[in-house]
Ligand SMILES: *Cc1c(COP(=O)(O)O)cnc(C)c1O
């Protein structure tokens with residue numbers, strides 16, 4: 001196999017080692033005479049695998065014991081609805097920080113369920129920078145503050161999070177969980193679809209603090225309550241066992257690489273290769289977001305005409321680079337350099353960019 005340089009935004013690259021390990025265990029798991037996918041989710045091997053994956057999360061993130069790691073379904077988009085369903089009670093307001101199109105989707109979904117408001121927004125700037133969250137003022141009736149830590153489509157990322165004092169802070173970390181160190185204890189709830197930094201699509205991780213579990217709405221369907229997942233070790237109904245298993249392999253790989261700290265260093269190094277190429281191109285390539293707000297996961301840029309952008313993507317594809325078109329809503333170009341994307345792939349892309357400019361500049 002000539003493995004490609006995978007810059008897909010999601011589903012995204014997985015470590016080759018992990019794919020090979022998963023392949024080895026695909027037909028027969030752990031010498032048990034059958035595949036993990038054929039086992040009951042109430043069987044010991046699945047229970048053990050599920051619990052070990054939860055523990056790996058706690059360990060990698062250094063989470064204190066008041067947090068629980070849940071494995072749910074439905075992707076981050078389902079969390080957009082579950083958050084207000086569980087925590088937006090009558091007479092309270094969910095405050096949303098709008099920094100990109102996914103955060104706006106979360107806000108819109110909340111409006112279908114209860115009262116949601118915009119706490120800060122950079123929509124008027126077309127998401128070209130992050131909104132100011134330095135001096136936020138929260139009313140008495142605030143149920144929670146919701147934010148998106150990394151804006152996958154636009155290519156911006158919060159380095160600091162707002163101080164919400166005793167109001168729970170809820171974050172969609174789908175595209176940057178485990179990519180950089182953060183003070184996790186600032187959050188009441190963190191959620192992430194797995195298919196960007198954690199593993200294959202199909203499982204959604206929710207990390208929730210005990211006091212939030214006690215706040216889950218009573219009169220909503222059982223399967224929509226975070227507390228149902230928490231009190232059943234995420235085995236209330238059949239979980240996406242295979243996706244959780246591959247995620248476990250990704251977590252073990254992350255640990256072998258040196259954990260979040262090493263990932264962050266590598267992600268900075270990887271994206272600097274691309275940002276430096278953009279900044280040194282004399283305007284041939286132009287970044288889409290303010291330098292201070294740039295993401296160490298999704299790098300976005302444009303060229304001066306769309307035909308050239310198309311040719312860039314096409315030629316790149318011919319040389320083994322996948323997934324470089326910008327999101328259909330913004331156009332331009334995007335390289336998603338999640339944890340599993342190698343330094344070598346980013347170096348190869350930077351070299352290609354320089355060469356493309358020489359031939360077309
Ligand atoms: C990809 C993404 C989503 C959507 O995730 P699904 O699992 O497809 O619902 C939501 N939020 C962010 C930040 C994303 O990157």
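Placement of Cβ uses the backbone N, Cα and C atoms for every residue, glycine included.
Here is what TrEMBL records for this protein:
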DOMAIN    7-349  domain 'Aminotransferase class V'
BINDING   42  L-glutamate binding site
BINDING   76, 77, 102, 152, 172, 195, 237, 238  pyridoxal 5'-phosphate binding site
MOD_RES   196  N6-(pyridoxal phosphate)lysine
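Annotated features, which come from TrEMBL, shown on the structure.
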| residue | record | contacts (Cβ under 8 Å, 6+ apart) |
| --- | --- | --- |
| 42 | L-glutamate binding site | 235 |
| 76 | pyridoxal 5'-phosphate binding site | 102, 172, 174, 191, 192, 193, 204 |
| 77 | pyridoxal 5'-phosphate binding site | 105, 109, 193 |
| 152 | pyridoxal 5'-phosphate binding site | 9, 10, 100, 102, 174, 175, 196, 297, 298, 327, 336 |
| 195 | pyridoxal 5'-phosphate binding site | 10, 11, 12, 75, 201, 202 |
| 237 | pyridoxal 5'-phosphate binding site | 223 |
| 238 | pyridoxal 5'-phosphate binding site | 41 |
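Overall, the recorded pyridoxal 5'-phosphate-binding residues 76, 77, 102, 152, 172, 195, 237, 238 cover a maximum inter-Cα distance of 31 Å.
In this structure, 76, 77, 102, 152, 172 are the binding-site residues from 76, 77, 102, 152, 172, 237 whose C-beta falls under 6 Å of some atom of ligand 1.
DSSP assigns residue 172 (pyridoxal 5'-phosphate binding site) to a strand. In the predicted structure, the domain 'Aminotransferase class V' (7-349) carries a mean pLDDT of 97.
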